[in-house]
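Copied from TrEMBL, the annotated features are:
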type	residues	note
ACT_SITE	His154	active site, proton acceptor
BINDING	Cys162, Cys167, Cys192, Cys195	Zn(2+) binding site
DOMAIN	20-292	domain 'Deacetylase sirtuin-type'
Amino acid sequence: MWVANFWQWVCQSAPRADGRRQSFTQLEDVATALTRRDRTPRVLVILGAGVSTAAGIPDFRSPTTGLYARLETKGQLDASRVFDIDYFRTQPQAFYSLAHELLRETGGCLQPTRAHWFVRCLAERGYLVRCYTQNVDGLERLAGIPESLLVEAHGTMQRAHCTAPGCGAAYDAKLLLRQVVSGEAVAAPPRCSRCQAGYVKLAIIFFGEKLPWRVFRSLMTDLWRCNLCLIMGTSLTVAPVRWIPEQLPKRTPRILLNRSPSGSIGRRPLDLWIADDAQHSVERLVDLCGWREQMDTLAASPASLSDLLPVRFGERS
Ligand SMILES: [Zn+2]
């Protein structure tokens, strides 16, 4: 079996019949790579916060208007420590204040963006090797990207557990999210029902916690299986995702759709940076590929945030 896979990899990695590799100088070249008939696209996607801001996820870091700044002004948050696991174990209110504000501000209208639907489109066509996301908002799941093709590198809100060392008992994530939205988790952070001591938290990866083993296990095969890497809405500054483009073979084109430069993209011959809003670039790419009808059909399919978070978001506590 592995011989067949290896031979397929050799064949699909070969240069074009005219002896030249495809060059990447503009978005049209990416569309060409995605619609070639002589080679199946196998796309590794990397997503960052930039693809979720269009969904209404509040900005965190703006100096005066960002969520951090506003909560610090109110004395509710030490932004430098809010995602520190040791700090959480003693001061869980800081994280729950942030989460409460964040969920309130989404106002019940959180929907996948065009970039998310585009990744679903790749999956539907059988082109998606894996989507590595740094976001914990769950919009990839909401867009219907199969869980088997999704790696949530910074964790997920789908699960929750006790943070006491040596315990780690599971907690009902839906219940916890309801407690966050209602403000109950801010006033009285819930504790573990097994050890009665540790505070429980959503399975978002905090500083000081181990990264999901699934990230590394998936990469062991994905780095070699893909023949195109699409990076959207990230500055590639946070591990482990920032390592991924570095580990790709040099023959793999690395395409960056982002307003600003990211990581080392641009230093290899097959790199391409489209310096524009990722959503806008995706729309252009969809038209260039001729996938408009499929994209619009997918995006029009009913998706409800309640599938993820069984709470009523329009309510303001
Ligand atoms: Zn416990």
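Cβ atoms here come from the backbone N, Cα and C positions, even for glycine.
Unlike curated entries, TrEMBL annotations are predicted automatically.
Among the recorded positions His154, Cys162, Cys195, the ones whose Cβ sits under 6 Å from an atom of ligand 1 are, in sequence order, Cys162, Cys195. Ranking the binding-site residues Cys162, Cys192 by how many other Cβ atoms lie within 10 angstroms of each Cβ puts Cys192 at the bottom. According to DSSP, Cys162 (Zn(2+) binding site) sits within a strand segment.
Taking the Cα of the residue listed as 'active site, proton acceptor' as the reference point, the closest of the binding-site residues Cys162, Cys167, Cys192, Cys195 is Cys162. Listed in sequence order, the residues Thr163, Ala164, Gly168, Ala169, Arg191, Ser193, Arg194, Gln196, Ala197, Gly198, Val200 complete the 8 Å Cβ shell around the Zn(2+) site centroid, once Cys162, Cys167, Cys192, Cys195 themselves are left out. Summarised as a single figure, the pLDDT of the domain 'Deacetylase sirtuin-type' (20-292) averages 89. The number of other Cβ atoms within 10 Å of the Cβ belonging to His154 (active site, proton acceptor), over all protein chains shown, comes to 19.
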